[in-house]
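S.K.: Take this structure, written in structure tokens, and hold onto it; I'll ask about it next.
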Amino acid sequence: MTIAIGTPEEKRGLFDDMDDWLRRDRFVFVGWSGLLLLPCAYFAVGGWLTGTTFVTSWYTHGLASSYLEGCNVLTAAVSTPANSMAHSLLLLWGPEAQGDFTRWCQLGGLWTFIALHGSFGLIGFMLRQFEIARAIGLRPYNAIAFSGPISVFVSVFLIYPLGQSGWFFAPSFGVAAIFRFILFFQGFHNWTLNPFHMMGVAGVLGAALLCAIHGATVENTLFEDGDGANTFRAFNPTQAEETYSMVTANRFWSQIFGIAFSNKRWLHFFMLFVPVTGLWMSAIGVVGLALNLRAYDFVSQELRAAEDPEFETFYTKNLLLNEGIRAWMAAQDQPHEKLVFPEEVLPRGNAL
């Protein structure tokens, strides 16, 4: 008698079927990360388009901020809630709006809606890169690199206002609104003199320089695959083998600077390291500002400038500019504080 011994087929459940459907090879990959990314990105972008088109900032900032009121793509914004809302999540069904959509928009509920959905959407996009990299056997450095922009977004739009008195002090979602927030950061925190800002600028501009140098060097050292006179005819874009000479590039930069990258791994790691580290440093600096930490204070120069009218440095001049920014912005931004400044220090009309 023959007895066949085999392993019974495992029963597939709903989770297995869902996993198969989510991770199926299709034109646009969905994946488990898509369950977070796609709805959050949809709601964040949709909320921003709705707010910039229809919703006023009159009740929160005393401003016009929508296309309906005459703004354009550079001046429209979804503005932050009023300072009196503090750190309320401003849920549509919460005690502030009580289910009234119009009132919710007037109070600034769209801003918290966009900020929270936008944060989770960015995190979902990073998880998407992890998931696809894992599926096809890549290292996860793309996702790690994307943590740089995420850290900046979260620190500026969420952590900074959490350290202040309310969401009011976060940037509104608009081009001119972001510019205004940058001026605010300078006036109230002297942000340009902050070492973390300096590292961020060095990282971002250094990365731009590295990209330009790298792209130009690769184009300069392409292997010719034809007799064309220009780059676009001199090689076949679908050729399987390597297309440029690292040895030639190394020799060129060795002659220019005396040093050069010896291998591609170190070169490309450096191109990853510079911008991502710069963004992380900026995010750390903004977290410090959330706690109102000071940066550099050159008190000796301030004291000497106060005593000697002929002594002035770019640092002391910038401090006076910062005082002007504070005097102008505070009274406009926070009318409920009833801040009063002497007439001689305030601007007249639109004159700077």
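Placement of Cβ uses the backbone N, Cα and C atoms for every residue, glycine included.
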S.K.: From the ranges 26-39, 82-95, 110-123, 152-165, pick the one that Swiss-Prot records as transmembrane segment.
M.R.: 152-165
S.K.: Checking feature assignment: transmembrane segment per Swiss-Prot, candidates 261-277, 278-294. Which range matches?
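M.R.: Based on what Swiss-Prot states, transmembrane segment spans 278-294.
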S.K.: Swiss-Prot lists transmembrane segment for one of the ranges 124-140, 311-327, 328-344; which is that range?
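M.R.: Here Swiss-Prot associates transmembrane segment with the stretch 124-140.
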S.K.: Counting only residues 6+ away from its ends, which parts of the chain sit with a Cβ under 8 Å from the transmembrane segment (124-140)?
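M.R.: For the transmembrane segment (124-140), the list is 23, 29, 31-34, 36-38, 40-41, 146-147, 150.
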S.K.: Spatially, and counting Cα to Cα, which of the binding-site residues is closest to ASN142 (pheophytin a binding site)? Options: HIS117, HIS197, PHE261, HIS268.
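M.R.: The smallest Cα gap between ASN142 (pheophytin a binding site) and any of the binding-site residues is with HIS268.
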S.K.: For HIS268 (Fe cation binding site), find which of the binding-site residues HIS117, GLN129, HIS197 come within 10 Å, Cα to Cα.
M.R.: none
S.K.: Tell me whether PHE261 (plastoquinone binding site) sits in a helix, a strand or coil according to DSSP.
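M.R.: The three-state answer is coil.
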S.K.: In whole Å, how far does the CA atom of GLN129 (pheophytin a binding site) lie from that of PHE261 (plastoquinone binding site)?
M.R.: 28
